[in-house]
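Input: a single structure, listed below in structure tokens.
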Amino acid sequence: MEKIVVKGVKELRGEVNISCAKNSILPIIAATILCPEPIIIDNAPRLEDVEVICKLLSELNCDVNISNVNDRLTINTKNIVEMDANEELMRKMRASFLIMGPMLARFGYCKLSLPGGCNIGSRPIDLHLKGFKLLGAEVVIGHGFVEVRAKKIVGNRIYLDFPSVGATENIMMASVFAEGTTIIENAAEEPEIWDLAQFLNKMGAKIEGAGFGKITITGVKNLKGISYTPIYDRIEAGTFMIAAAITNSKIKINGVNEEHLRPVIEKLRECGIGFTNYKDHSIVVDGRGSKRPLDIKTLPYPGFPTDMQAQMMSLLSIVEGVSVITETVFENRFMHVAELQRMGANIKIDGRTAIIEGKPRLTGCEVKATDLRAGAAMILSGLVADGETVVNDVYHIDRGYVRIEEKFRNLGAEIYRINM
Ligand code: EPZ
């Protein structure tokens, strides 16, 4: 069982390089199913989730290779088979469900095991299935599986009750070869949606409006092989911004698209953090000043991201005054509160709202990572807690962060991984 040990209290210094976005590369890898020619994806992060979706494609008879040169992923789905995807792998990672849209577009058929829920919520797929049905597919659910079948995919207008990231991505991929035009209204606007559309358009798709609430997809006949480098991981970058804030440090972060992090930067500025940005996608974060409590509500992009909620709670648990965080995206994303309380944080939960009274100091102890972002939040708190913090269940963290302890150690943190 691997654990990460963090010793506080440590100031950070130096630079950190951000990896490519997990939530971009996963749908982009799924989208390679749409094209029977070799595709190259550079700067592919060595993440558990990337390995799982690559393994899934390999099990479907695709050629998948990763090389250390440029972390280059080469995928050829020419010989993909329409077999039932490996249930165990499907349940291991919910994002595997993103292969359903491209499989439906390519074969007119797909059968997958229903993706399980997870610690942060039930993770329904009703909006994905609503889109497939409106595109002309028949959907059958039974025995833990969902099966979609369509003789022909015909463009349609699809309104999403909630701007779901996954549903927007799955429907966009399912409609790439549709007869006619598809319009997705109330679509998710996350930067990763824009990145997926850029990737598909470079292959020859015709997608307009991605990154805004209304996306128009005009069906094309086929797509061609390309090479592509996904965007930087805005959540990893945001996590290191909070690392500078929580440790009263000044560090440089390389690999930041300031626009993608606007909601996080604005809130950290309000808290008292300074930012100096450079032209080459790098930014200096100065967390050495005094800090003010905040009132935060997580919302779909361009609102404050739910994936930064736990990390921000770690920071606010040591900022003098009363802060409020309201989680509106997932119904159960406060599992990390109990772990922070073990470290001495003063947090009360009232439904979807957490009231945080900042304490001068936390104390290190054994804690758990309850999801990948909560795990990162535990490391952040460990950097400023008295004594040693031992984070368990680090497999959650490895799903979304490349060599996280190495990156923190290079910034001067006293942190290491142990296997017990
Ligand atoms: C993506 O998950 C991300 N994962 C999540 O990141 C992120 O937290 C989430 O978007 C929100 O930004 C990937 O991109 C791989 P959603 P996804 O569909 O697509 C409801 C991380 O930490 N909903 O936008 O599953 C759902 O219940 C992970 O990197 C429906 O009701 O998120 C939830 O309340 C965690 N019906 C809300 O939408 C549906 O059919 C947001 O879900 C689909 C979703």
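Backbone N, Cα and C atoms are what each Cβ position is placed from, and that goes for glycine too.
Remember, TrEMBL labels are computer predictions, not curated facts.
According to TrEMBL, the protein carries these features:
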ACT_SITE  C118  active site, proton donor
BINDING   K22, N23  phosphoenolpyruvate binding site
BINDING   R94, R123, P124, I125, D126, L127, D307, V329  UDP-N-acetyl-alpha-D-glucosamine binding site
DOMAIN    7-407  domain 'Enolpyruvate transferase'
MOD_RES   C118  2-(S-cysteinyl)pyruvic acid O-phosphothioketal
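There are 22 other CB atoms within 10 A of the CB of V329 (UDP-N-acetyl-alpha-D-glucosamine binding site), with all protein chains counted. For the domain 'Enolpyruvate transferase' (7-407), the model's average pLDDT works out to 95. Cβ neighbour counts within 10 Å, taken over all protein chains shown, single out K22 as the most crowded of the binding-site residues K22, R94, R123.
Spatially, by CA atoms, the recorded positions K22, N23, C118 include one closest to V329 (UDP-N-acetyl-alpha-D-glucosamine binding site), and that is C118.
Looking only at Cα atoms, R94 (UDP-N-acetyl-alpha-D-glucosamine binding site) sits nearest to C118 among the recorded positions K22, N23, C118. Of the listed binding-site residues D126, D307, the Cβ environment within 10 Å is emptiest of other Cβ atoms at D126.
The separation of N23 (phosphoenolpyruvate binding site) from D307 (UDP-N-acetyl-alpha-D-glucosamine binding site), Cα to Cα, is 11 Å. Between the CA atoms of I125 (UDP-N-acetyl-alpha-D-glucosamine binding site) and C118 (active site, proton donor) there is a gap of 13 Å. Under 8 Å, Cβ to Cβ, and six or more positions away along its own chain, N23 (phosphoenolpyruvate binding site) finds V165, E190, E192, D233, I235. Taking the Cα atom of each, L127 (UDP-N-acetyl-alpha-D-glucosamine binding site) and K22 (phosphoenolpyruvate binding site) are about 22 angstrom apart.
Taking the C-alpha positions, the distance from D126 (UDP-N-acetyl-alpha-D-glucosamine binding site) to C118 (active site, proton donor) comes to 16 Å. Annotation note: P124 (UDP-N-acetyl-alpha-D-glucosamine binding site) sits in a coil segment as assigned by DSSP.
When the recorded positions C118, R123, P124 are screened for a C-alpha within 10 angstroms of the C-alpha of K22 (phosphoenolpyruvate binding site), no residue qualifies.
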